[in-house]
Amino acid sequence: MTDKQHTRSVSESENPAIPSPTPKVSRPRRNKDWWPNQLDLSVLHTHSHLSCPLEEEFDYADQFKGLDVDALKQDLIQLMTTSQDWWPADYGHYGPLFIRMSWHAAGTYRIADGRGGGGEGQQRFAPLNSWPDNANLDKARRLLWPLKKKYGQKVSWADLLIFAGNVAYESMGFKTFGFGFGRPDVWEPEDIFWGPEDTWLGDERYSGDRELAKPLANVQMGLIYVNPEGPGGNPDPLAAARDIRETFARMAMNDEETVALIVGGHTVGKTHGAAPAAGNVGLEPEGAPIEEQGLGWKNKFGSGKGSDAITSGLEGAWTNNPTKWDNGFLENLFKYEWELTTSPAGAKQWKPKNPEANDTVPDAHGASRRHSPTMLTTDLSLRMDPIYGPIAKRFHDNPDQLEDAFAKAWFKLLHRDMGPRSRYLGPWIPEAQLWQDPIPPVDHELVSEQDIDALKRTILGSGLSVPELISTAWGAAASFRGTDKRGGANGARIRLAPQKDWESNEPSRLAKVLTALERIQNDFNGSQSGGKKVSLADLIVLGGCAAVEEAARKAGFNISVPFAPGRTDASQEQTDESIFDVLEPIGDAFRNYFRAEDPLSPETRLLDRANLLKLTAPQMTVLVGGMRMLDANHGQSRHGVFTDKPGTLSNEFFVNLLDIGTAWRPSVADKSVYEGIDRTSGKTRWTATAADLVFGAHSQLRALAEVYACDDGKERFVRDFVAAWNKVMNLDRYDLLGTRNGRRAVTSKPV
């Protein structure tokens, strides 16, 4: 069993061992306190213009055009090399502190759901600003304030927090792979599940044989990665290697990238543990007194800074030149034999057995003092693990290979959550990488509105049904994740492995649709005398739009679904199957698709999916109702299809769900299904899942459903469905972005 108390008292990579915050028990009760299992829709209503102090038409990309990036870089270098008395720089250089800040901002990214990362500047807000692993990074951000003040909205906090670390490496002699700006700020914290624990450094996220719960990547609450003293504070390098491999894999890093990142990260800087945190270190920023003005971890030991700093229970530097890029980390790791020791704070770390290592490392604040190098348990993992060891030795023998591997892995770490390369800004954007899911540029003339109308008629006359067209377009577009901006219809990767074989996409049905659409594509492109072409990606979306128009026509509404050509088709060689599989939905409530092994309830999975698709609660509501009427359920199930006219875009889902003549009960045959019983006849009228019934049971969702169920809600339902559908179809179309809230789209008349 993990000794949590011991872990809390001494452990982290750069986190103080401090007590967990004490909950305030006298605060007013919220609905969540009374009904903890209630579906919380607030996650769908964050980051609106109501929380943003900037004008609604503010466009960060436009503001960035006025930024002198070279001047900003020089200002950063000047700042890094000018030590300030209120928080002295180790070795006279803040570079390592800024690298840790950037690393910890980006390093919260997890590949399972794309959440975390540095793309929004979330390190400024709770809980991340007060995580024990982020201790004293409040000072790093405060050091940056004069530059943020100087450049204003031309550079976002999100970009500045990441760029500072990149510049820091360059200032210490390392040639980085490049850098992309383009991270707009948000103004409130993201509501993310960081783990089940209610204490700092708790590790209730494990079960069985140290199996880490999904989607989590870090090993303990409040750590960015792993415990540097080893699992649960146990200084076992091989056991630590297992944690490292699992955690970094869940951050989308392979073994070589992992070794390079750890080596490169520990080539500069030092850890801080001049004394035990208990009795010396104060509250984190969110709990600190108001007069501290957002700074936390006030230290009463000695001067409280410099040589007396307490950030971790660990103390010491890894290399002989802690502000210079070199191969010193690996040289020391392999040169010396290491023995277990403790820091002044009592943390478990390692020192050389070799006496010649004494006095080889300069003191961070006193020229007359010297030290021996220090290694952490997780550092020794790189030497002792049978997989990491040979990689580290190769890097030791070939420093140029380390530099290349670290440059690319560092770039990947900083940009993993930014999505396609087209979102990057600035002059230092390198060539496309496979992990960016590259999509070819448009190299042909796009179809006209007349072509679009003709193609829609051809699609609707091809024998493909409305449900088939809707399901295919939705499967392509709704693979998008607003967290790390991956997925979407652009690229037509739904026709490629692994997406074409996902159970959620019904492979045999999908193959039929794709074959028909490819035939239409070939016929159209082959008939053009000029350079005009239509991509399969565009046809997939256009087919869905045509199907929506046809279903609306059947309901008596002559509507036009916006469509903007310009998507292109990616190749299998441009698709990394190993990292693309994480986009496969565990469940898709919009199509009433769920897996038995899913730990989340259908209604919770619905909320999670809506959050990934950047939908509001009204948009989520109207899409579910519309998808049911379009008969787009997975496996053509009838659950939630409350109509005798499937394929017609009517508001009957809401009308019949809210019909007080129907009583609902759990099905005896299937516990995941509910039966709607006619109160008069006792006969079964409908079947549904929890993802359907939640719109009648949840008070907020019922209020939304009532709007569309009203007699005057029919046209509103169709109009709002089309708007929400268009949003989903274009979530990945960054080429269409005008202002922050606007998109340009070519509209076409319905058939």
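In case you wondered, yes, glycine gets a Cβ from its N, Cα and C as well.
According to Swiss-Prot, the protein carries these features:
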ACT_SITE  His104  active site, proton acceptor
BINDING   His266  heme b binding site
COMPBIAS  1-11  compositional bias 'Basic and acidic residues'
REGION    1-31  region 'Disordered'
REGION    345-375  region 'Disordered'
SITE      Arg100  site 'Transition state stabilizer'
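Residues 9-11, 17, 88, 90-91, 229-230, 233, 235, 270-271, 273-277, 306-307, 310, 312-320, 322, 332-333, 335-339 of the same chain lie 6 or more positions beyond the ends of the region 'Disordered' (345-375) yet place their CB under 8 Å from a CB of it. The residues of the region 'Disordered' (345-375), classed with DSSP into helix (H, G, I), strand (E, B) and coil, number 3 helix, 10 strand, 18 coil. Packing around His104 (active site, proton acceptor) is summarised by its Cβ count: 25 other Cβ atoms lie within 10 angstroms of its Cβ, all protein chains included.
The Cβ of His266 (heme b binding site) has 28 other Cβ atoms within 10 Å, all protein chains considered.
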